[in-house]
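Look at TrEMBL and you will find Gly46, Glu47, Ser48, Arg105, Ile133, Arg134 tagged as L-glutamine binding site. If you look up TrEMBL, you'll see Cys78 marked as active site, nucleophile. Per TrEMBL, the feature active site, charge relay system maps to His169, Glu171.
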Amino acid sequence: MKIGVLALQGAVAEHIRSIEAAGGEGVAVKRIEELQELDGLIIPGGESTTIGKLMRKYGFIDAIREFSGQGKPIFGTCAGLIVLANRIEGQEEAHLQLMDMTVARNAFGRQRESFETDLDIKGIDEPVRAVFIRAPLIKEVAPTVEVLSEYKGEIVTARQGHLLASSYHPELTDDYRLHAYFLAMAKEAAQE
Ligand SMILES: NC(=O)CC[C@H](N)C(=O)O
């Protein structure tokens with residue numbers, strides 16, 4: 001499976017490394033034409049406002065919506081999760097508006113800017129190590145969105161069909177199981 005990592009800003013190399021460690025092929029994506037050859041796309045963490053701005057500038061909003069419309073899987077991590085959401089608390093405008101959920105940015109406050117924890121994730125046997133950095137939370141989801149994990153009662157991993165989102169950075173650990181999970185989604189979609 002060939003998985004692209006949107007390379008406008010943020011943690012790109014780490015996702016490529018994790019995809020390869022999980023048995024896929026990872027490539028950096030800088031132009032919309034490059035989407036055509038992919039089986040799946042990762043939108044990395046970084047700064048959602050910056051990623052959103054650059055996506056608009058280079059035509060990625062329409063191109064990724066079309067990619068999603070073809071049923072191709074997309075995985076948004078941290079800022080990438082914010083970019084996928086239909087609604088962002090306190091902001092007029094969202095970005096891709098592909099996942100039917102409301103998210104809150106920087107939801108853990110200054111006291112806990114970054115931390116690590118082990119999360120139970122539906123579909124993965126043992127707890128997964130998760131790194132949270134100025135992380136967002138999923139505040140509300142539509143009934144079509146499946147909650148895959150919570151941290152202290154708040155939603156931090158969710159899936160809506162071919163779309164996957166995590167509040168944290170799974171690419172900053174040596175635990176590649178969430179990338180393997182996403183590769184399995186891409187395989188499934190390719191067979192349809
Ligand atoms: N690590 C991250 O991706 C942080 C996300 C960032 N706080 C935002 O709002 O976009």
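Cβ atoms are placed via backbone N, Cα and C, with glycine included.
Automated prediction, rather than curation, is the source of TrEMBL annotations.
A map of TrEMBL features onto the structure.
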| residue | record | Cβ contacts under 8 Å, 6 or more apart |
| --- | --- | --- |
| Gly46 | L-glutamine binding site | Gln9, Gly10, Ala11, Cys78, Ala79, Gly80 |
| Glu47 | L-glutamine binding site | Gln9, Gly10, Ala79 |
| Ser48 | L-glutamine binding site | Ala79, Gly80, Ile82, Val83, Ile88, His95, Arg105, Pro136 |
| Ile133 | L-glutamine binding site | Gly45, Cys78, Glu113, Ser114, Tyr168, His169 |
| Arg134 | L-glutamine binding site | Asn106, Phe108, Glu113, Ser114 |
| Glu171 | active site, charge relay system | Ala11, Glu14, His15, Arg17, Ser18, Pro44, Thr77, His179 |
Inset, instruction - Let me know how many other Cβ atoms fall within 10 Å of the Cβ of Cys78 (active site, nucleophile). - result: 29
Inset, instruction - Select one residue from Arg105, His169: among these recorded positions, choose the one with the most other Cβ atoms within 10 Å of its Cβ. - result: His169
Inset, instruction - For the L-glutamine site as recorded (Gly46, Glu47, Ser48, Arg105, Ile133, Arg134), determine the largest distance between any two Cα atoms, in Å, rounded to the nearest integer. - result: 13
Inset, instruction - May I have the list of same-chain residues other than Gly46, Glu47, Ser48, Arg105, Ile133, Arg134 whose Cβ is within 8 Å of the Cβ centroid of the recorded L-glutamine site, in sequence order? - result: Gly45, Cys78, Ala79, Ile82, Asn106, Ala135, Pro136
Legend entry - Local backbone state of His169 (active site, charge relay system), from DSSP in three classes: strand
